[in-house]
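As recorded in TrEMBL:
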- 2-222: domain 'NarG-like' (DOMAIN)
- 6-23: transmembrane segment (TRANSMEM)
- 44-71: transmembrane segment (TRANSMEM)
- His53, His63, His185, His203: heme b binding site (BINDING)
- 83-106: transmembrane segment (TRANSMEM)
- 126-143: transmembrane segment (TRANSMEM)
- 180-198: transmembrane segment (TRANSMEM)
Amino acid sequence: MNTLLWGALPYVAFALLVTGLVWRHRYDTFGWTTRSSEIYESRLLSLASPVFHYGILFVLAGHLLGLFVPASWTDAIGVDEHVYHLFSLIGGTLAGLLAITGIALLVYRRRTNAPVLLATTRNDKFMYVLLVGEIAMGMYAKVTNSSFSSGYDYRTTIAPWARSLFTLDPRTDLMTGAPLTYRIHAVLGMILIAVVPYTRLVHMFSAPVQYLFRPYIVYRSRGPLTEQPRPRGWERLDA
């Protein structure tokens, strides 16, 4: 089971992610969308959507920093373990709360607006449950295994395991001693990665990044016309 969860499941999740993205792009181009319901209700959506998206961005940034930046790097710039721990605990909790608040507002909107509720599929419901479970479990794991003075150092176990996946030599033994809540959080995360292409979450891969690098659009006003355009039609002949 240890090898299955920490040695095989990560690659299965990645394979499902890649093949799903290729399949959606090849055979379901017009389905590659958020299926926006803004036409039915926009006031609450304009609040809930930014809250959720900013929360998720902060959560993802925190995970990338925690998993793929070794402790030796942060030590080299003068960030000791205690400072990093406080930053991770407080920042991660706030980011998780922001994301959970956004999801709660989105779910409330769907439950209280009849047209939006009718447009909600089983796929959407599964996605919301998985997202809430993943974020809530991550926050629970962090809070129950940490205090302001000390906490579980995942950078000695979970982070090296995550980095070892990219060398195709997963160190499954490192996950054996990790707290159960962290392991559940990791499994839910891999499941979430695997199902991304098959839900509306696929739209995260179509962010208009190229818009940031496009050339400026220059608007120039036209000068006054020197002559009036001739009307179309037959030219009149003087009798």
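Note: Cβ is positioned from N, Cα and C throughout, glycine not excepted.
Listed by sequence, the residues of this chain that lie at least six past the ends of the transmembrane segment (180-198) yet keep a Cβ under 8 A from its Cβ atoms are 5, 9-10, 12-14, 16-17, 19-21, 23-24, 123, 126-127, 130-131, 133-134, 137-138, 140-141, 144-145, 152, 154, 158, 204. The record assigns His53, His63, His185, His203 to the heme b binding site, and the maximum Cα to Cα distance across that set is 23 Å. Same-chain residues lying 6+ beyond the ends of the transmembrane segment (6-23) with a Cβ under 8 Å from its Cβ atoms: 161, 165, 170, 172, 175, 187, 190-191, 193-198, 202, 205. In sequence order, Gly102 are the residues near His53 (heme b binding site), counting only same-chain partners six or more apart with C-beta under 8 A. Note on the domain 'NarG-like' (2-222): its mean pLDDT in the predicted model is 89.
A sphere of 10 angstroms centred on the C-beta of His185 (heme b binding site) encloses 22 other C-beta atoms. Here the Cβ of His203 (heme b binding site) has 14 other Cβ atoms within 10 Å, regardless of which shown protein chain they belong to. Following the DSSP three-state reduction, the secondary structure of His185 (heme b binding site) is helix.
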